[in-house]
Amino acid sequence: MLKYFGSRLLTFIPTFLGVTLISFAFIRVLPGDPIIVMAGERGLTDERYQELTEQFGFDLPIYVQFWDYFTGVLQGDLGNSFVTKRPVWDEFFALFPATLELSLCAMIFAVLLGLPAGVIAAVNRGKFFDRALMSTALVGYSMPIFWWALLLIIVFSGNLQWTPVSGRIDLTYYFPNATGFMLIDSLASGQQGAFLSALRHLLLPTIVLGTIPLAVIARQTRSAMLEVLGEDYIRTARAKGLAPGRINGIHALRNALIPVVTVIGLSVGTLLAGAILTETIFSWPGIGKWMVDSIFRRDYPVVQGGLLMIAVIVMLVNLTVDVLYGVINPKIRKR
Amino acid sequence: MKLKSYLAAGATALALCAGSASAQALVYCSEGSPEGFDPALYTAGTTFDASSHPIYNRLTEFKVGTTEVIPGLAESWEVSDDGMTVTFKLRQGVKFHSNDSFTPTRDFNADDVIFSFDRQGNPDHPFHTVSGGTWEYYGGMSMPELVKSIEKVDDYTVQFNLTRPEAPFIANMAMDFASIVSAEYAEAMMDAGTPEMVNQAPIGTGPFKFQAYQKDAVIRYLRNDDYWGEPAKVEALIFAITPDASVRYQKVQAGECHVMAYPNPADIEEMKSNEDIVVMEQEGLNVGYLAYNTTMPPYDNPKVRKALNMAIDKQAIIDVVFQGSGQIAKNPIPPTMWSYNDSIEDDPYDPEAAKAMLAEEGVTDLNMKIWAMPVQRPYNPNARRMAELMQEDFAKIGVTVEIVSYEWGEYLSRSRALDRDGAILLGWTGDNGDPDNFLAVLLGCDGRENSNRAQWCHEPFEELIQKAKVLPTQAERAPLYEEAQVIFKEQAPWATIAHSVVYMTMRPEVDGYVVHPLGGHIFNQVGLSN
């Protein structure tokens with residue numbers, strides 16, 4: 001197992017190098033000069049332009065710029081944002097917990113509903129339940145997030161007033177953000193009702209962000225289950241009179257989980273990087289909006305640093321998924 | 001330390017809950033995060049709303065709701081006869097805020113004024129490079145060339161020595177970049193090795209004290225009870241950062257915020273019919289225009305430019321592009337600005353006459369490019385659509401239009417070129433309420449190949465604005481600017497398209513809000529009634 005883990009870890013290095021280079025190159029390939037964008041309609045004199053070019057180090061050859069960036073990265077320095085002038089590292093860690101909290105909740109929501117839905121659909125293949133669940137999944141998968149979010153807000157926050165419109169917690173609560181995870185911080189604050197308020201604020205964004213992964217997981221679980229249910233050993237299990245619940249829940253599901261775990265792993269990556277719309281609508285202070293804003297402003301350090309951090313996290317998630325394969329299926333780790 | 005901040009936080013929360021009956025906390029749904037809290041470092045209005053307006057003061061101030069300049073931290077000022085020195089008498093007994101790591105030992109004085117400007121203008125100043133300072137606005141307002149030196153005459157008198165007489169200088173001093181920061185705080189933070197705290201945990205003299213900021217989520221302020229001016233009406237001010245306009249509107253309706261910025265133009269009608277919502281409006285201090293390249297034939301001929309202007313159906317543009325949240329512009333400066341010449345007649349919309357005029361000038365089969373910005377700006381919510389409408393208008397007089405667009409940075413830099421082909425859509429939002437800030441920056445000879453996108457340099461016009469720049473009083477300057485607008489209209493270097501209308505949406509219990517023509521959102525005078 002250790003060897004398996006080690007070999008997975010080794011593939012990390014070239015990927016990391018590649019990502020560093022690509023994230024550095026990506027933003028520079030886009031047209032648009034950050035200094036000109038910063039000056040806006042006002043414009044600036046040639047001398048001033050020259051001065052700023054030197055200040056930002058754009059006058060250096062590109063390989064020197066890359067080398068400076070790369071050695072910075074190795075020392076844990078991602079540079080300072082052109083716009084806010086603050087370290088990219090600090091900004092990332094101020095915002096990332098919000099994204100992580102929302103993504104985890106969305107994932108839990110998707111898995112808790114998606115797995116049983118997939119299993120039920122597979123077991124009832126071709127029947128009403130199957131059709132109903134899978135058409136709902138298709139609708140969920142095709143739903144434009146923006147529209148879906150506004151619909152939920154108008155119905156549940158506007159008309160019914162069950163949930164708050166946006167934000168992470170009611171503004172009357174105020175406590176220092178020790179961990180950045182609102183659920184934990186609100187509990188730790190000991191303020192009455194704070195935790196509940198945080199939970200209520202999480203509800204709609206969780207549903208919105210979890211809808212697509214939910215649909216994907218349900219469909220994936222169904223097809224993996226169907227495949228496994230046709231295997232000989234399942235027939236054997238049935239023949240020897242095992243209870244259907246035990247066959248489906250233990251023998252079939254465990255083997256069907258491999259492709260499902262892959263999908264979950266991939267979805268986590270998408271969630272972390274792709275929560276931008278959900279974050280924007282629900283005024284959720286995460287990294288999605290931060291990244292998109294920085295691309296428009298040509299804020300090189302934020303774009304390259306943010307991309308790198310997201311890539312590293314996705315790589316870590318994939319590593320975890322690889323290790324999980326080994327746990328689920330002993331055959332894989334012995335290969 | 002941690003326990004202390006928890007206790008303080010708890011106490012604030014209690015105070016807010018307890019105070020809700022008397023409505024003590026004003027919640028403003030803002031459109032985005034500030035870049036930081038030291039206004040001199042930045043140029044965005046969102047940043048100024050969160051920093052210079054609540055936290056700081058300036059030597060002079062704009063009277064809220066007008067572009068009139070009134071005393072601020074300077075009680076009075078005197079301009080020498082030659083216009084080359086400006087002496088400010090400072091207000092005494094003004095207290096700076098305090099926070100966990102800093103308590104001021106002295107009141108505001110001349111040292112703070114000198115520090116606030118010297119750090120921007122003097123490259124050798126220890127604070128010049130702190131927080132990656134590029135001092136865009138200071139440079140943008142030509143302050144480095146204008147200010148020769150700043151002298152402390154005594155603790156409460158500061159003298160600015162200028163390189164040339166410049167009437168708008170007093171208004172510049174009321175701009176956000178001229179906010180006065182505490183020299184004592186800056187030194188303390190420098191000594192502690194954390195000079196960037198001046199930007200992150202701001203200390204000012206303004207009506208609100210900074211309390212906390214969580215990026216992209218919330219900014220909290222408390223009333224400054226030691227404020228030198230009229231104290232703020234609410235105990236706490238909270239900015240709930242809400243980037244989506246539809247969501248902001250939902251939040252106002254649900255009572256999660258009291259005031260919101262920048263409603264969707266499409267929602268205005270519904271808002272106006274909603275009894276629980278108050279909508280205020282005012283013309284923005286901006287102008288959207290189409291600038292011809294006046295150095296290139298046939299656009300070097302004023303009659304050709306005039307003819308093209310007459311072919312544009314501006315009302316259609318206001319209806320379609322601005323969805324009503326704009327008004328037709330006839331002058332290069334907005335109507336809320338002093339010296340606006342209302343007697344000027346706009347070019348009539350008359351395609352037939354326009355066609356005849358072009359034929360008279362021998363212009364046939366004209367192919368022109370119209371540049372359309374790729375971004376949404378206050379003075380032009382949809383440049384592409386605007387260009388398409390113009391394309392149709394020009395087709396009616398036999399002019400074929402090709403619409404071109406580039407990425408925003410490219411657009412700005414390429415459009416500066418002297419040999420730029422065709423006409424460009426762009427606009428401007430005023431900085432200091434002074435006509436010079438429009439007419440000289442956008443149409444003066446010095447602005448060519450830069451902010452003067454028409455590349456226009458017309459001697460009679462230039463003479464007027466240069467003369468007006470150095471005259472000491474508004475009364476003397478206004479007639480010159482009014483005349484300059486007449487010349488502008490005759491020469492037509494631009495087609496003036498529109499001034500946007502700025503809307504503010506709030507709940508009925510909000511009391512005393514005034515829409516500010518310079519675009520800021522200001523809350524010291526705002527209260528909440530039950």
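Yeah, the Cβs are placed from backbone N, Cα and C, and that goes for glycine too.
The transmembrane segment annotation in TrEMBL covers A:9-30 (among others).
Per TrEMBL, transmembrane segment is recorded for A:92-120 (among others).
Marked as domain 'ABC transmembrane type-1' by TrEMBL: A:96-325.
Positions annotated as transmembrane segment by TrEMBL: A:132-156 (among others).
The transmembrane segment annotation in TrEMBL covers A:198-218 (among others).
Look at TrEMBL and you will find A:256-282 (among others) tagged as transmembrane segment.
Annotation comment: TrEMBL describes A:302-328 (among others) as transmembrane segment.
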Query = Between the transmembrane segment (A:198-218) and the transmembrane segment (A:302-328), are there at least three Cβ pairs closer than 8 Å, leaving out pairs fewer than 6 positions apart?
reply = no
Ask   = Relative to the transmembrane segment (A:9-30), which of A:92-120, A:132-156, A:256-282, A:302-328 accounts for the most Cβ pairs at distances under 8 Å?
value = A:302-328
For the transmembrane segment (A:256-282), sequence-distant contacts whose Cβ falls under 8 Å of one of its Cβ atoms, 6 or more beyond its ends = 98-100, 102-103, 106-107, 110-111, 115, 118, 145-146, 149-150, 153, 166-167, 204-205, 208-209, 213, 216-217, 220-221, 224-225, 227-228, 288-289, 291-292, 310, 313-314, 317-318, 320-321, 324-325, 328-329
Ask   = Under an 8 Å Cβ to Cβ limit, what residues of the same chain, 6 or more beyond the ends of the transmembrane segment (A:132-156), are close to it?
value = 117, 120-121, 162-163, 165-166, 204-205, 207-209, 211-212, 214-216, 218-219, 222, 277-278, 281-282
